Amino acid sequence: MDVTELEENLFAASDAKLHGDMCKELSGVLCKVLSIFPSLEGARPRSKSGIQALCSLHIALEKAKNILQHCSECSKLYLAITGDAVLLKFEKAKIALIDGLKRVEDIVPSSIGSQILEIVGELENTRFMLDPSEKEVGDQIIALLQQGKKFDNCNDNTELEIFHRAATRLSITSSRVALAERRALKKLIDRARAEEDKRKESIVAYLLHLMRKCSKLFRSEILDENDSPGSYPCSPNEDHGSVHGFGRQLSRFGSLNDKPMNSINSGQMPVPPEELRCPISLQLMCDPVIIASGQTYERVCIEKWFSDGHNTCPKTQQQLPHISLTPNNCVKGLIASWCEQNGTQIPSGPPESQDLDYWRLALSDSESTKSQSVNSIGSYKLKGVKIVPLEENGTTVVERQNTEESFVSDDDDEEDSDINVLERYQDLLAVLNEEEGLEKKCKVVEKIRLLLKDDEEARIFMGANGFVEALLRFLGSAVDDNNAAAQDSGAMALFNLAVNNNRNKELMLTSGVIRLLEKMISSAESHGSATALYLNLSCLDEAKSVIGSSQAVPFLVQLLQKEIETQCKLDALHALYNLSTYSPNIPALLSSNIIKSLQGLLASTGENLWIEKSLAVLLNLASSQEGKDEAVSSQGMISSLATVLDMGDTTEQEQAVSCLLILCNGRESCIQMVLQEGVIPSLVSISVNGTPRGREKSQKLLMLFREERQQRDQPSSNRDEPPQKEPARKSLSAPLSVHGSTPASASVQDYEPRVLSKSMSRRKSMARPFSFFWKKSYSVRE
């Protein structure tokens with residue numbers, strides 16, 4: 001790959017969200033360094049200073065890569081407000097690269113040294129600067145954050161309008177981009193909590209709150225524009241259009257509209273927007289606070305919730321890492337502004353009674369939200385969303401169409417859903433809990449599977465609200481009815497529910513999922529989905545012992561030997577790898593003839609999909625003495641490993657060398673078997689061209705062979721040296737021929753040449769496998 005192609009690939013991989021010019025400059029230099037780095041490693045410095053110089057350059061390269069990755073994965077808003085810090089990181093990366101390159105200049109040939117000087121000169125002439133537009137946006141957001149502390153005296157319309165403009169200038173102009181931004185902010189919050197950086201956490205939480213507000217505006221703008229025939233969406237660069245759209249949508253939140261005033265005149269009390277009401281008390285908040293999930297509640301209500309022993313978010317049911325409360329001055333200012341606009345008094349205290357049924361109130365809040373949404377559907381065009389009644393039931397669920405405009409389908413934030421997610425999930429759960437109708441339940445389970453596919457919050461919510469038990473009951477009914485299609489749907493829904501969620505995996509284990517899977521694997525039609533679920537569960541440490549002691553082990557091993565779908569076989573192999581990392585499972589794996597199955601995969605022609613993972617499983621098995629013994633005694637295993645040394649890629653070669661090193665260590669018989677395969681040329685090649693770990697392992701294996709040869713040759717050399725007896729044999733040769741008789745010592749003379757001949761024969765036979773190792777050149781393997 002030339003420098004141009006490498007640069008294109010590296011920068012395409014980074015895809016910087018912000019600071020693109022600086023990323024492009026650094027990426028270009030980084031590609032040039034990476035293109036000559038193999039030559040730098042090939043110089044093989046032997047001195048301590050040379051090795052340290054290479055290590056220093058490698059660290060500098062990693063720092064530069066990390067900066068590019070940071071600019072490609074981090075939140076745009078956070079990158080904007082930390083522009084000065086990012087600029088400093090770029091400068092430090094440049095200095096580190098210059099220093100590292102100068103240190104390796106003296107240990108490389110002059111041809112490479114000239115390239116290094118050229119790169120150093122380019123780096124020294126590089127000047128990193130922030131984009132003026134991006135810096136201006138960052139300053140605006142920082143000013144907004146500083147005003148947040150004084151938000152009681154600030155107009156909510158002004159704050160949201162400034163934030164909306166800033167987000168638009170950062171190209172956050174669609175619901176999809178807003179979703180990606182919210183997810184990036186959530187990751188930053190998690191990182192700040194892990195680092196216990198309270199200041200960073202509060203800043204990012206405030207940005208996330210404003211981002212959620214703007215997400216509604218982005219989506220509503222699209223709906224309004226689509227609702228008007230012949231109208232076109234405003235360009236992201238047209239600030240005037242964006243501001244007008246922003247003001248129009250802000251009115252729909254009830255902040256500056258006239259409808260509440262009309263309601264007052266007609267004798268009706270204005271209804272506060274949902275964002276200003278506590279999800280528990282459903283009343284206008286007096287002292288709003290933010291909890292770890294990002295939701296806002298009345299302080300007294302959420303404190304009562306926590307004092308009752310709960311450690312989850314009442315609205316999302318998300319497990320909370322901590323129960324600390326952060327005042328939400330933004331919402332408090334919005335409440336004050338709304339009360340002023342609608343002629344109502346600002347709440348002077350919390351609700352009088354806190355003896356509340358939290359779940360019922362949250363649900364009723366959802367129902368009121370749903371009612372408002374349904375009443376306003378007439379003025380919207382909800383493209384990408386349609387309401388589909390289930391057969392033989394009045395339950396209504398939402399089916400999302402896969403069109404370009406169905407941006408709602410990827411949004412995992414319940415605040416952005418037109419039809420309340422909580423109500424929708426409860427409808428789905430109600431269908432699953434019905435006594436009859438497996439076919440109807442199967443359709444619901446399929447919808448649940450699709451909902452869970454890419455929605456982490458849905459997994460958290462459903463896992464905490466009885467969906468695990470309901471899906472397991474459905475799967476049990478499908479197994480009892482021998483319904484293969486229903487079994488597949490149920491197993492894959494459970495699979496999606498368990499993805500990246502150990503709590504849901506634990507619930508499945510305690511609820512008897514292994515027992516159901518053992519019933520499923522008795523039918524060949526369900527092998528694919530059962531294997532996939534085994535794979536997912538095997539990622540949990542607590543599940544490895546349970547699965548390892550069940551019928552799953554022989555079942556998964558047998559799949560490796562069958563002609564089945566590639567994905568199913570790969571799932572089985574990956575599951576066995578996870579199980580093999582738990583050493584008490586190794587005896588059960590060996591008793592199921594897993595070594596024979598792995599040897600078959602390694603020896604299969606035309607399929608390289610299994611080699612890397614098969615070798616990884618073999619390495620785990622070889623960690624036990626029983627595994628080593630069986631691998632060495634298995635017919636064809638050593639030959640298969642030797643073939644991988646010849647034909648595999650560098651990663652596979654590294655694993656094969658590691659396997660052979662473990663098997664040969666302390667085993668003379670295994671060493672002879674390996675040498676008979678003629679592996680010396682391959683090992684020498686890997687020691688030069690392999691991965692760093694592969695080079696290290698191959699050199700150790702060659703050294704092991706050399707030590708073994710020296711140990712075997714040493715006794716033979718002692719027997720081959722008769723310094724005093726040799727002249728005696730020559731002096732006795734004449735008398736034997738002259739006198740025609742054999743003296744008493746003749747028997748000794750006759751014996752010694754036989755011993756010498758035998759010793760020479762042994763050394764010759766031993767040296768044959770090493771012929772390539774000791775010669776200066778070689779061409780092909782014997």
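Glycine residues also receive a Cβ, built from the backbone N, Cα and C atoms like all the rest.
If you look up Swiss-Prot, you'll see 707-729 marked as compositional bias 'Basic and acidic residues'.
Residues belonging to the domain 'U-box' (271-345) score a mean pLDDT of 83 in the model. Under the heading domain 'U-box', Swiss-Prot lists 271-345.
If you look up Swiss-Prot, you'll see 707-765 marked as region 'Disordered'.
Look at Swiss-Prot and you will find 456-499 tagged as repeat 'ARM 1'.
Feature annotation from Swiss-Prot assigns repeat 'ARM 2' to 502-541. Residue counts for the repeat 'ARM 2' (502-541) under DSSP, split into helix (H, G, I), strand (E, B) and coil, are 32 helix, 0 strand, 8 coil.
If you look up Swiss-Prot, you'll see 542-581 marked as repeat 'ARM 3'.
Sequence-distant neighbours of the repeat 'ARM 5' (626-665) (same chain, 6+ residues past either end, Cβ-Cβ under 8 Å): 586-587, 590, 595-596, 598-599, 602-603, 608, 611-612, 615-616, 618-620, 671, 673-674, 677-679, 682-683, 686, 689-691, 693-694, 697-698, 700-701, 704, 781. The repeat 'ARM 5' annotation in Swiss-Prot covers 626-665.
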Secondary structure composition of the repeat 'ARM 5' (626-665) [DSSP: H/G/I, E/B, coil]: 34 helix, 0 strand, 6 coil
